[in-house]
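Working notes, structure below.
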Ligand code: CP
Ligand code: NVA
């Protein structure tokens, strides 16, 4: 019996598997845009568990499953027994007997790991406090579409040492690019996976200009992630000077792209002139959540398909 594959962190995939998914996402995107129907998952069900808010993640998974011929079902913490304390192990056993794949957005990575350990079917991390691997699949797909291979390139992260930047770091090591990160003091990125991130893939400072210099892609995120709302005011003060502005973009390479996973706050972490400007690819990035995840779902459920 082949082992059930999950996508709980970016590093759960090999570099070769990532490249396959990026390629396959472009194939599926072309087919979708041309109106071709591709429905390899008739009768298959995805259960989606959301313990945090979402627009893109919910819609991209639900639309993606429908397009693949399957169905996606929404469960939230409050209205399900998850919110009343049913053990995650039991939830996993039950859900994986009635559905063919599970997606979960929650707080602790530990919960996702426990869910997967007790599931018969693939589990996808749709965001935890620690990681957001589906977003980085979409972001790199977007980079590839606009600029080609990301190997050897430099990505500047300006802002919080959070789930997004931690996932970028895993991707940098796996795919051979460099992450230059600038965080305010006290909000530095902490590495959780015990990996050794050498200077060829990671440079950290507290200075946005240092991070942006020579970058091929500049990216940021909200100052206050979901689950940290109580820190919002302190963060607003600590992140003063960390807005991605046109001046900051000018320190990057002339053809640098700007990305933001969204939702965005114009005038806080990014100036309107940047997110709505010519270097921004945020709408392609958002759309690519769906195409990248369709390729991921196909790979986890059906294995490698090359047609
Ligand atoms: N980027 C992202 O994950 O968006 P949602 O929170 O809307 O799902
Ligand atoms: N870092 C953000 C990403 C939102 C998509 C959060 O966790 O809220």
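Even glycines carry a Cβ here, placed using N, Cα and C.
L-ornithine binds 221, 225, 226 as TrEMBL records it, and from the list 163, 253, 288 the residue named for this site is 163.
Cross-referencing 30, 31, 105 against the carbamoyl phosphate binding annotation in TrEMBL, which names 54, 55, 56, 57, 81, 132, 133, 134, 135, 261, 262, 289, picks out 105. Sorting the domain 'Aspartate/ornithine carbamoyltransferase Asp/Orn-binding' (152-299) by DSSP state (H, G, I as helix; E, B as strand; all else coil) yields 56 helix, 26 strand, 66 coil. The binding-site residues near residue 221 (L-ornithine binding site), taking a 10 angstroms Cα-Cα threshold over the set 54, 56, 261, 289, are 261. For ligand 2, the nearby binding-site residues are 163; that is, of 54, 81, 134, 163, these have a C-beta under 6 Å from one of its atoms. The binding-site residues examined here are 56, 132, 289; by Cβ neighbour count within 10 Å, the least packed of them is 56. Around residue 221 (L-ornithine binding site), taking its Cβ as the centre, 25 other Cβ atoms fall within 10 Å, counting all chains. Contact annotation for binding-site residues (54, 261, 289) versus ligand 1: 54, 261, each with CB under 6 Å from a ligand atom.
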